[in-house]
Amino acid sequence: MKSFSSPSLYIQGQDILLNHCDQITRLGHRAVILSSGIAIDVAANALSNKLNKQHFFSEVITISDDFNDYELSCLCQKIHYLNADVVIAVGGGKVIDTAKIIAAQVKCRLVVVPTLASTDAPTSRLSAKYSLQGNFEKYIFFDDSPALVIVDTGIIVNAPVRTLIAGMADALATFVEYRAVHCGRGHNMFGDSQTITAGLLAEQASNTIFQNAELAVAANNAHVVDNYFEDVVEASILMSGLGFESGGEAAAHSIANGLTTFISPAIMHGEKVAFGLLGQLILSKSPAITYKKYLNFQRLLGLPICLKDLGIMNDQNILRQIAREILRPHETIHQMNLSFTEEDIVNMLLQIDSYAKK
């Protein structure tokens, strides 16, 4: 069986958040807005004020990055007490992942308002779960996709350029992983067969980023929303989000997950995936010209292309530990339907280093 999942509605544009609150109010009667850090001042408070002026109750609740199970339980109780029927996530990947868990537990409609274009998480119906130490543990799957995703490029263009670049790196892996899953006769994130649609979206995401990345970065640096910026944001969030979920993941994300234990939490998800993408190209014995294309592009954008860029020493003991993490039984590297040993993974990591010096 094939399957394809998507949000009920996705809207994108400059300054749309406060001008399209009707898309939120049609979903229910009372909302809690989950947010953290700078996103509270950038978007959450303004959205709450606008909704309340329209006689749609909303309350902003701050959540921390190290949200634990007890805090989760208390927050769910508070949402029940407030009689809310809509949960709105305003922020980056961690806020969005947490909001998905909460919305599922309290059975509320979910609205996602990303303030960064750093990952393709906003459109999906899964969350990545990390330990308190920041190590990847597992994916959590939900019955429903977000009811609404609002991508206000007027907000995102004022985020650090590094976040846009990380999002592009995450999206570039989507098509490479789709092809690997297809060749390995693997499955998508729901355990079903891939759809052609997911592959086309993943391919278009890749093409859009290769064509527009430099100009989108320039627009981000100038805090100007233009067509190049809009297209890259759409590729990173919508095309890649639909592509990875219904297309599946492979080695690039397994390598990113395996690295998490050994590198600084300051390294962004997309930056780890960029390194993982190079690793997957080596493991799949991709042509040298293909590897060089991605290597040069990632070098141009300042993404990690060697172990040193991630703060990892060229130490056999450390590399073997990383290899074991990458090869854990539940990891998506096994979607490639190829047999890899710890030695294969260590050699791959060393090859990435070697190619970066050429």
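Backbone N, Cα and C define each Cβ position, glycine as well.
A TrEMBL annotation is a machine prediction, not a hand-curated record.
Keep in mind the model is a prediction, meaning the values are calculated, not measured.
For reference, TrEMBL has these:
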| type | residues | note |
| --- | --- | --- |
| BINDING | Gly93, Lys94, Val95, Ile96, Asp97, Thr115, Leu116, Ala117, Ser118, Ser124, Leu126, Tyr130 | NAD(+) binding site |
| BINDING | Asp120, Asp170, His253, His269 | glycerol binding site |
| DOMAIN | 7-153 | domain 'Alcohol dehydrogenase iron-type/glycerol dehydrogenase GldA' |
Subject >> Among His253, His269, the one of these binding-site residues whose Cβ has the fewest neighbouring Cβ atoms within 10 Å >> reply: His269
**OP:** Look at each of the binding-site residues, Asp97, Asp120, Asp170, and point out the one with the fewest other Cβ atoms around it within 10 Å.
**Re:** Asp97
Original post:
List, in sequence order, the same-chain residues at least six positions removed whose CB sits under 8 Å from that of Leu126 (NAD(+) binding site)?
Top reply: Lys100, Tyr139, Ile140, Phe141, Phe142, Met189, Glu245
**OP:** Determine the C-alpha span of the glycerol site listed in the record, that is the greatest distance between any two of Asp120, Asp170, His253, His269, in Å to the nearest whole number.
**Re:** 13
Original post:
Any idea of the Cα spread of the NAD(+) site, Gly93, Lys94, Val95, Ile96, Asp97, Thr115, Leu116, Ala117, Ser118, Ser124, Leu126, Tyr130, as a max distance in Å?
Top reply: 21
**OP:** Please list residues from the chain of Ser118 (NAD(+) binding site) whose Cβ is under 8 angstroms from its Cβ, counting only those at least six apart in sequence.
**Re:** Gly92, Gly93, Ala159, Thr163, Leu164, Ala166, Gly167, Asp170, Met268, His269, Gly270
Original post:
Counting every protein chain present, what is the number of Cβ atoms, excluding its own, within 10 Å of the Cβ of Gly93 (NAD(+) binding site)?
Top reply: 24
